[in-house]
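Quick look at what TrEMBL annotates:
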type	residues	note
TRANSMEM	12-32	transmembrane segment
TRANSMEM	69-90	transmembrane segment
TRANSMEM	97-121	transmembrane segment
TRANSMEM	133-153	transmembrane segment
TRANSMEM	165-190	transmembrane segment
TRANSMEM	210-243	transmembrane segment
Amino acid sequence: MLSRVLTGLGRVRVTLAYAAALFTVASLLLILGPTVQDRVVSHLSTNLQNLGQGRLGTLLGSAFVTAEGYTYLLLPGLVCLLALAELLWCGRRLIQAFTFGHVGATLIVAAGLAAAVQLGWLPLSVAYAKDVGLSYGAIAVLGTLSAAIPTRWRPAWIGGWVTTALVVAVSGADFTATGHAIALIIGIVLSTRFSSDSTWTPAKLVLLGVGIGFGLLLLVGVALPVAPIAVPAGLAVATIVTWAGRRLRTSKAGEASLTTVSA
């Protein structure tokens, strides 16, 4: 029994290590107080000021703190999402997906903000905004799950998530929503390089369900008033894509039958 538990935990060791690091950092900052926490967040933020000064270490460090101190609330959903990805892809690919999503989305958003500030579209204060957290990496990992979704459902999965992310991004929410949409697309692109022979066991389906809920929380959490629009829009697109795919398969099956009869 014990050996089975240890074996199971060993299969998600990257997830557990990252979760332990997040828990430790959050606990230390809680003990040290809000003044120290604010100083650490400012130092690790991937804002234009820090990146402009060459503090590239913030690209890594920013993934281990949250500006609002919500780490404890996010951990259960995050662990389920990352554990599922690690079971499907292995730890190395989980690290790749999270890192590419976190760093890639951060740099693209930073470039966009720099251009907007330079053109006068955004105030200079944006350069000092706090930008830390795990959401970009987590959303990218969510995107990579596209490769594990059965082929017939994959277009609906991708269409639904992309629609939800884009609706939130264009709703006037802050730049974090745009970063989420970018990270999701990065993850979906990465998924084309991933493949999984793993079957969907009940345990993995539970992890997927929690991961979906967690992903939605991250996407719409930055703009809750938009949730009643973004989520139904995503579901509508997923439904339409599913219907269109079913019609296409039926049409092809009919053509194949006619060809067989003619032959």
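The backbone N, Cα and C atoms fix where each Cβ goes, glycine too.
In TrEMBL, annotation is done automatically, which means it is predicted and not curated.
Scored on C-beta pairs under 8 angstroms, the neighbour of the transmembrane segment (165-190) with the top count among 12-32, 133-153, 210-243 is 133-153.
For the transmembrane segment (133-153), same-chain residues at least 6 beyond its ends with a Cβ under 8 Å from one of its own Cβ atoms are 22, 62-67, 74, 78, 81-82, 84-85, 88-89, 93-94, 97-102, 104-106, 161, 165, 176, 179-180, 182-192, 194-196, 198, 208, 211, 214-215, 218-219, 242, 245, 249.
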